[in-house]
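Undergrad: Quick one: structure below, then a few questions.
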């Protein structure tokens, strides 16, 4: 059934026993599309009508001049969100830099928080910049030891995109050392994971209410994707994994509705190790994810999740452009698409976002410029085809971060314009102070806009020695 909005305006006019009811209906059409060819499918709905009974004015004996008038507006609930066609454009350009530690000499409530694992998620009215903080600011006496991934102080925080994540600006959503968030069109869903490594717990918050939990199933650092979950028609899909960082770690997907888990999805296929997926809608039927294998290969595990059947399958990307770090030379892995190759130990979360067009689909990816270090970040694109079977190289589309600058985790998200969605990729640029000083990040954002070539890279402008 297509979503529709019915507004009912009830007008009560009481005068000498006269009651009038007026029903007004309005319908909205939503944009739907198939896996490859996206089409408009308008529909109309008509509200039930009621005849109006007229009063014989000649029989009225008196008029009550003190008659009361009451008007009640029954406004519609916000609609669930659905993926739409992408806004027009053929290249990404530098959109925004959030570099909190350029303001590192500021103290008090305006001090920048120590953060890592930033990502962006968008609702119909705003985008929010999320991150995991160590509950410390810079400058300050508590920033030593902030290189550690998991502790009892870490929290999922957010600010409106464009704001600096300072003590004053940030909303603290929940205790968490791994996180995600997404907006279903009506409300935010927040995901936080914390607890001991052997028995971590996923916590779900819907709006302001804490609504559900999910326990560790492999008892080895249950964790989530560190980027936005994905919602369609009120259902939100979240990737989780549990298992060794250097061995087996099998992922699952949780289907969440209004903050409560309604289904678990167990992917088939190549499931040995899948973590830190970056996911988005290829269509209104399919979620696709480019993930990290930290144990066996420098190829990215690629997930296809059918939201109509709630089934998922994982295979390795077949392209000769290997997207993980560290990685071997492009094209050096021989054998079938499922061959792991070498240099598979270790990895990094990768950026991935869809460009949905009426006649084709673009898949945009990011990877570090260095094959061995988390330095630099380049953008790549492939139009149409199947990531599971296409062995061709991806097309380079520009340098977002030079090899002289840090390029750590990256992620994808989409900004909701009035009639279309704007695909974007974000890059975590980490200030790595080691164990003896603060360890935090800036965020660079590139979005689809206009044509031509990607023109300029991003620098953090931060000198940790200052």
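Backbone N, Cα and C atoms are what each Cβ position is placed from, and that goes for glycine too.
Annotations for this protein, taken from Swiss-Prot, read as follows:
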TRANSMEM  12-34  transmembrane segment
TOPO_DOM  35-466  topological domain 'Virion surface'
CARBOHYD  56  N-linked glycosylation site
CARBOHYD  64  N-linked glycosylation site
DISULFID  87-420  disulfide bond
DISULFID  122-127  disulfide bond
CARBOHYD  144  N-linked glycosylation site
DISULFID  182-229  disulfide bond
DISULFID  231-236  disulfide bond
DISULFID  277-291  disulfide bond
DISULFID  279-289  disulfide bond
CARBOHYD  284  N-linked glycosylation site
DISULFID  318-337  disulfide bond
DISULFID  424-447  disulfide bond
Undergrad: Within 10 Å of the Cβ of residue 144 (N-linked glycosylation site), how many other Cβ atoms are there?
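TA: There are 15 such Cβ atoms around residue 144 (N-linked glycosylation site).
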Undergrad: Nearest to residue 337 (disulfide bond) in three-dimensional space, by Cα, is which of the disulfide-bonded residues 87, 182, 279?
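TA: So, spelling it out, the nearest of the disulfide-bonded residues is 279.
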Undergrad: According to DSSP, which kind of secondary structure is residue 229 (disulfide bond) found in, if we only use helix, strand and coil?
TA: coil
Undergrad: How many other Cβ atoms are found within 10 Å of the Cβ atom of residue 127 (disulfide bond), counting all protein chains shown?
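TA: Its Cβ shell of radius 10 Å holds 22 other Cβ atoms.
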Undergrad: Would you mind giving the whole-number mean pLDDT across the topological domain 'Virion surface' (35-466)?
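TA: Averaged over the topological domain 'Virion surface' (35-466), per-residue pLDDT gives 91.
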Undergrad: Using a Cβ cut-off under 8 Å and a sequence separation of 6 or more, which residues in the same chain sit near residue 87 (disulfide bond)?
TA: 417, 420, 421, 422, 448
Undergrad: What's the number of neighbouring CB atoms sitting within 10 A of the CB on residue 420 (disulfide bond)?
TA: 16
Undergrad: What whole-number Å value do you get for the CA-CA distance of residue 122 (disulfide bond) and residue 284 (N-linked glycosylation site)?
TA: 17
Undergrad: State the Cα to Cα distance, in Å, between residue 236 (disulfide bond) and residue 447 (disulfide bond), rounded to an integer.
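TA: So the Cα of residue 447 (disulfide bond) lies 24 Å away from that of residue 236 (disulfide bond).
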Undergrad: Residue 337 (disulfide bond) has how many other Cβ neighbours within 10 Å of its own Cβ?
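TA: Around residue 337 (disulfide bond), other Cβ atoms within 10 Å: 17.
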Undergrad: Going by C-alpha positions, which of the disulfide-bonded residues (127, 182, 229, 289) is nearest residue 318 (disulfide bond)?
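TA: That would be 289, the closest of 127, 182, 229, 289 to residue 318 (disulfide bond).
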